[in-house]
Amino acid sequence: MKQGVIGCVEKSCKEAPRREYERTRVIRRTIPSGIISYTSGEPSPRTPSHARFLNEKEKAYVVGRLRETGATGHDDGADDFSWREVWQACTLPQVWMLAVIFFFDGVVLYGLAYFTPSILQGLGYAATGAQLMSVPPFATAFFVSLISAFISDRYHCGGFVTMFNCTLCVIGFAMYLGSQSASVKYGSLFLSITGTYCAAPALSTWSANNAAPHARRATAIAIGFIMTNSGGILATWLLGALSPPPLYRKATITLLIMSVLMVVVAGMNTYYLWSQNKKKAMIRATMSRSEEKPGLGDKSAWFIYNL
């Protein structure tokens, strides 16, 4: 959304003298970056216990909740970095099923982020108009992402939210592929852009909340980002070199297939996590928590996976 507005402004600014254009361009680019860098310079606390914005009672509550859910160990030594935990993260089935979804979502997300203006030009919009018309789909995605984030967090249903959003991508790409109307094709972008941009945060939290302790969780998050950006590399080749404008037909078919696979793999992961929760419930019925071996993290019978 921001890039669409900036692109339109820069297109208009090119009508001004070159020196004035370059000066205003530097101002637009550097001042916001400087403000963000300055205000975010304060380092984040190592742990909730080191958070200066929490009082002692709040710190104790947060630490207690983290230990209760298994996100952290019951002592500081249990949370020390260990290559063993990195390896443990690499053996989790849910991490690799989500890695596949991250890759597909990276292709779709980066493809739409970079090439939406080009797609709109293929629908008949002029360069400046294409930049401006790319804003409404991304603005819609912003508001829908807030709603989906609330539902996902409130009801612990990241998998179902992911499947719903990926289904929006399927519908959007199917509309774009099957229609000859420019208006319908433009409307389809509202579904595909909203779907992929709402799926990304749901995937990130779904991955993070289903791995523990924190070293294992950090590894799962890193794998997700690696796969997402790897998909972004493919997207830059897919739309253009492998599938030429203005219709991007081959790319649209590929993105449609990837969206379908995201729904399927998300369903597989949801079923796997549900079956693991069912097994853990049976274990909890036969033993107490004190009898369980410490340091199991997300494999503990008392760690409930988010579906």
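From the backbone N, Cα and C atoms, a Cβ is placed for every residue, glycine too.
Just so it is clear, the model here is predicted, and its values are computed rather than measured.
What TrEMBL annotates here:
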TRANSMEM  95-115  transmembrane segment
TRANSMEM  135-152  transmembrane segment
TRANSMEM  159-177  transmembrane segment
TRANSMEM  189-208  transmembrane segment
TRANSMEM  220-239  transmembrane segment
TRANSMEM  251-274  transmembrane segment
At a C-beta cut-off of under 8 Å, are there same-chain residues at least 6 beyond the transmembrane segment (159-177) that contact it? List them, or none. 101, 105, 108, 148, 151-152, 184-185, 187-196, 198-199, 202-203, 206, 249, 252-253, 255-256, 259-260, 262-263, 266-267, 269-270, 273, 306-307
Looking at 95-115, 135-152, 189-208, 220-239, which one has the highest count of Cβ pairs under 8 angstroms to the transmembrane segment (251-274)? 95-115
Which sequence positions outside the transmembrane segment (95-115), separated from its termini by at least 6 residues, show Cβ-Cβ distances below 8 Å to it? 3, 89, 162, 166, 169, 189, 192-193, 196-197, 199-200, 203, 206-207, 211, 219-220, 223-225, 227-232, 234-236, 238-240, 248, 251, 254-255, 258-259, 261-262, 265-266, 268-269, 272
